[in-house]
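*Asks:* Right, I'll just put the structure down here and ask away after.
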Amino acid sequence: METSVVFSKHDVNGCSNKANSGGWKSAVFIIFVEFGERFAYYGVSGNLIMYLTLVLGQPVATAAKNVNLWHGVSAIFPILGAFLADSLFGRFKTIVFSSLTYLLGLVLLIISAEAIPMNHRPLPFFVALYVIAIGEGGHRPCIQTFAADQFDNHLLEEKVAKSSFFNWWYLGIVLGATSSIVVVIYVEDNIGWGWGFAIPTIVVALALCVFLSRKSRYRREAPVGSPLTKVARVIAATFRKRRLSLENGRGMCTEAAQGNRDSVIRSNQFRFLDKAAIIDEMDLSSGKSNHWRLCTVNEVEQVKLILRLIPIWLSCLMFAVVIAQLGTFYTKQASTLIRTVGSTSLQLPPASFQVLPGLTILIVVPVYERLLIPTARRLTGHHSGITILQRIGCGIFFSILTMVVSASVESKRVRIATEHGLMDKPKSIVPMSVWWLVPQYVLMGVSDVFTIVGLQELFYDQVPDEMRSMGAAAYLSVVGVGSFLSSALISVIQVITAAGGQGDEWLKGDDLNRAHLDYFYWLLACLSTFSLVLYVVSAKGFVYKVKGDGVV
């Protein structure tokens, strides 16, 4: 039997023979790298609010805002990293450079915790944190996209494998985060912060070595220039021809590649942008192509793909605000409750309960993959069981339930604190088991399985092929902007509730018993419900990308 070999003209400095490169055999190595990065990230972020409050002495609300700001910056920097990867360096080189930057930040973190006097520690500590954020900016948008690049979307077998890959990819992320929370947080609380920061440093260094060990077998896409330039050209051409109609023009500008498998089928949405592809007399008489005045139909359609995602992006921001509570107020809640295991003297660290969403995901992802998808596939006929947008919507619904349960449990905690005269004793332990918090952690994990994985797949599949790193960055920016919004919301609530002058300020100081955290959770539940309504409206009008070969 003759074996056909497919070559990719886009591969650069890597293995261009697709029969001997890419696929699961390469993607597994990249998943391991992401495992290492997530291990390091959660080793730092999981206990960050405790470090800020206990070591640096910051008030709870201030520490929560600082955690949210750092999370936000870490999730916004990927936009710059994706731009550099797509336009200049390529994903592979960006991953290597950003991993080295990440390592530098972790080393600085160890130095700040062990070699800097306490009164001078805040500045170098925050410098180290934001160096890590810079490394995160190059790593996060490229590593997942680079892994997905190992699957050819035009081969049915690899397309199906890629859809499955997103589930197992997220499972790898969760394994990294979960193992970090179990191991690193225990070390930080019981041995020392220096050792707690050293372990993630070692793991990232090993992960980078594993990644580089297969460098000759990766499929690498060559950078194609600034992806934002095309967007700017279409907008400029549309503005220049804003008074032109198709009837008054000389036809539409197509290209030889218009009928190939990578072209996007023309749609009826955002028809005003079609003006950018209308040929007029000036285009014909100029004798040369001016891309800032005339664009192809395919270029116009690619810009439409981006515009379609904006309403979805906006309506998912409240989901990100909800998940921001996991590493801030959830952890402080746990610190006020009884955390002993049974009748033993073993006391669990407050941040260790962040492992529960991860454990939930470890259970739910295989069930979703092996049971729910095949069942839904038989009912709907869709190759993924349910559409990507349906999956995201389910996750937003679960995030609302998460806040409802969180508010109810917090009300119970405050009631017990009141009954035992602990309202003005913020350092006292409320006689209530920490296991009451388990349902809200579990629901958070379930919502992640649906929404986070759905957003990853949506922003990979529905952007132009050459903007996939930017697509990954756009998904991450949902989390980043959501973290900023969470921080801003805390500040706004503090200002508004303090204006009453009744001494009833929400989220004030270190006393969680008088912080009205339950009110805050109810507010998030209401805002999330409104956000879900906006999401459903946006999803109903969404048109999935269809390529020239019929691939959706």
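Cβ atoms here come from the backbone N, Cα and C positions, even for glycine.
Taken from TrEMBL, the feature transmembrane segment covers 39-57, 69-89, 95-116, 168-187, 193-212, 312-331, 351-368, 388-409, 441-460, 472-499, 519-537.
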*Asks:* Thinking of Cβ pairs under 8 Å, which stretch from 39-57, 95-116, 168-187, 312-331 has the most of them with the transmembrane segment (351-368)?
*Replies:* 168-187
*Asks:* Under 8 angstroms for C-beta pairs, at least 3 of them, ignoring pairs fewer than 6 apart in sequence. Is the transmembrane segment (388-409) in contact with the transmembrane segment (69-89) by that rule?
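*Replies:* No, since the transmembrane segment (388-409) and the transmembrane segment (69-89) share fewer than 3 Cβ pairs closer than 8 Å, they do not count as touching.
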*Asks:* Do the transmembrane segment (519-537) and the transmembrane segment (312-331) come close, with at least three CB pairs under 8 A (pairs 6 or more apart in sequence)?
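*Replies:* Answer yes, regions in contact.
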*Asks:* Counting Cβ pairs under 8 Å that sit 6 or more residues apart, are there three or more between the transmembrane segment (168-187) and the transmembrane segment (441-460)?
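*Replies:* Between the transmembrane segment (168-187) and the transmembrane segment (441-460), contact is present.
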*Asks:* Would you kindly check 39-57, 69-89, 95-116, 312-331 and say which stretch has the most C-beta pairs under 8 angstroms to the transmembrane segment (193-212)?
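*Replies:* When the Cβ pairs under 8 Å are tallied, 95-116 comes out ahead.
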*Asks:* Short question: which residues 6 or more past the ends of the transmembrane segment (472-499) have a Cβ under 8 Å from it?
*Replies:* 61, 64-65, 68-69, 71-76, 78-79, 81-83, 140-142, 144-145, 309, 313, 316-321, 323-325, 328, 455-456, 458-460, 463, 505-508, 516, 520, 523
